[in-house]
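Peer 1: Here it is, the structure in full.
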Amino acid sequence: MKLVFATNNQHKLDEVQKITAGHTEIVSLAAIDCLDDIPETADTLEGNALQKARYVKDKFGYDCFADDTGLEVEALNNAPGVYSARYAGPGHDSEANMKKLLREMEGMENRKARFRTVIALILDGKEYLFEGIVNGQITKDKRGRSGFGYDPIFMPDNHTETFAEMGNDIKNTISHRAEAVKKLSAFLSTLSE
Ligand code: ITT
């Protein structure tokens, strides 16, 4: 099966292609000549994931899926959540987002957080949602160089390294995205039985 992944984030594409290697062909937006900056203006992860997938389906006609991910910090009432990409303001990068989060959390003892991914799939005219969650802690400093986004400051439960320290091979077995993609894959494999 061939599916378009409606993302402009190359890291997400790499992760999902690795996780699904062998059973589903995941095609980038570049492969369908879509260079658009796809809008995401909803106020939930579910809403944004659906908005991105519908955009590609409506404009290009392909079956596709999209991923919207947020980092939810307990002591900040689940912020930045759906606003994780623009936490430090529009046009700011991950460095600025992490810096802001570490500053907001200065002196806080409760560092519990979770990554939540929602994948929206549009297939044969129907819409489906798949969720993945990983619980962990926000570290006091950035640690590690691999991964992307908030990976250097997120340490998953039962691990002593951040996502950026452990590297993608381990991240891809335990992450929020891995869990959501496994659910997507399981669903797709039921269709081919
Ligand atoms: P698309 O919408 O094009 O898919 P994006 O990078 O805008 O890509 P999101 O809106 O889902 O993706 O991401 C929200 C923020 O969370 C953004 O700052 C990402 O860098 C960050 N993020 C997403 N997944 C992550 C992960 O696995 N590890 C660390 N940070 C992540």
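A Cβ is built for glycine as well, from the same backbone N, Cα and C atoms used for every other residue.
What TrEMBL records for this protein is below:
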- Asp68: active site, proton acceptor (ACT_SITE)
- Thr7, Asn8, Asn9, Gln10, His11, Lys12, Thr69, Phe148, Gly149, Tyr150, Asp151, Lys171, His176, Arg177: substrate binding site (BINDING)
- Asp68: Mg(2+) binding site (BINDING)
- 91-118: coiled coil (COILED)
Peer 1: So, in DSSP terms, is Thr69 (substrate binding site) helix, strand, or coil?
Peer 2: strand
Peer 1: Name the secondary structure element type, per DSSP in three states, that contains His11 (substrate binding site).
Peer 2: helix
Peer 1: For the binding-site residues Asn9, His11, Gly149, which residues place their CB under 6 A from an atom of ligand 1?
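Peer 2: What lies within reach of ligand 1, judged by Cβ under 6 Å, is Asn9, Gly149.
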Peer 1: To the nearest Å, how far is the Cα of Gly149 (substrate binding site) from the Cα of Asp68 (active site, proton acceptor)?
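Peer 2: Taking the Cα atoms only, Gly149 (substrate binding site) lies 13 Å from Asp68 (active site, proton acceptor).
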